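Taking it in order: structure first as structure tokens, then the write-up.
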Amino acid sequence: MVAGTRCLLALLLPQVLLGGAAGLIPELGRRKFAASSGRPSPQPSDDILSEFELRLLSMFGLKQRPTPSRDAVVPPYMLDLYRRHSGQPGAPAPDHRLERAASRANTVRSFHHEESLEELPETSGKTTRRFFFNLTSIPPEEFITSAELQVFREQMQEALGDDSGFHHRINIYEIIKPATANSKFPATRLLDTRLVNQNTSRWESFDVTPAVMRWTAQGHANHGFVVEVTHLEEKQGVSKRHVRISRSLHPDEHSWSQIRPLLVTFGHDGKGHPLHRREKRQAKHKQRKRLKSSCKRHPLYVDFSDVGWNDWIVAPPGYHAFYCHGECPFPLADHLNSTNHAIVQTLVNSVNSKIPKACCVPTELSAISMLYLDENEKVVLKNYQDMVVEGCGCR
């Protein structure tokens, strides 16, 4: 029953995508596909469309169709992560730390901090900021397996050609108890630390898994992080602003969006397999004579721009879903990938037409990775199971 339901969903999903769903697929997308099909099709009732909409949104883990603003920003980190796990040519080199984190997760989420909550008292030789990330959009059923805080540090002109000096130490703390009237500094717990030499520009990644797990799985209050930059060499004229833990006075929005701090969570909702690097599958060539009408896989490309979903689905722009269609004639040939039950059912059908023939259905399905903006304009990379037909057979 479960396999049959999955096969049905695999077949119905492209039909819903291409046929339209009220509210989920805009009217423009439905008209566009109807015009390209060249023939009129009966319109499903509003009740059926609403039911399909609910099912599709549930599959994506969404409560409503995302409608992101034009100012929504997709962090380059998330784009690179998508390219890695979708096996795209020109993707960044493999990162063993990222591969390890993704191997236990099927969902990656990114969060920007709330800038209005940054300020902390300055101390001599240190730069400190509070980072608060609102994580309430993480579903309760999603178990966080790892989390990292990404901070960008810029190359200092004073450090060029000097490998011996200009070191900073970056400390990341979890806020256990916020500052009070009696104490201007919050109570903290050290999570990660790193000594850096600022002779190059690069992102630094810090492990904040223990804190995020306490906030999401154990119900502890989320008071945010403290990022502390300790200036180890006090030299005349040396800038202390090389670590981008706060916005400059007059930056343009695009530049700031590319280097602002980012919290990335890796989680698993218990559905399907973890993220993996998708390898291109080799077609199985079998030298057998097949009837043109026999059960086999047919091309079906779902283009998200055609149905008006490209405003919230970042990547891929579409995908090859394929579908199964064809006859399951008696006697069933070996290449039709039939079960014993299908063989018996086809045999009985040959002598009793009241018993239906075996059906041409997907026998093997695979997942795709999708990068999209959710209802809260948070960027999500998620692995969706049973989205691509890999093989067909008579069942």
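Keep in mind that glycine also has a Cβ here, set from the backbone N, Cα and C atoms.
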Would you mind checking which of Cys324, Cys328, Cys359 shares a disulfide with Cys394 in Swiss-Prot?
Cys328
If you have Swiss-Prot open, could you say which of Cys7, Cys360 makes the disulfide with Cys295?
Cys360
Of the candidates Cys7, Cys324, the one sharing a disulfide with Cys392 in Swiss-Prot:
Cys324
Where does Asn337 (N-linked glycosylation site) sit by DSSP, helix, strand or coil?
coil
Helix, strand or coil for Ser86 (phosphoserine)? Use DSSP.
helix
Can you tell which of Ser86, Asn134 has the least company, meaning the fewest other C-beta atoms within 10 angstroms of its C-beta, among these recorded positions?
Asn134
Length of the line joining the Cα atoms of Cys394 (disulfide bond) and Cys324 (disulfide bond), in Å:
10
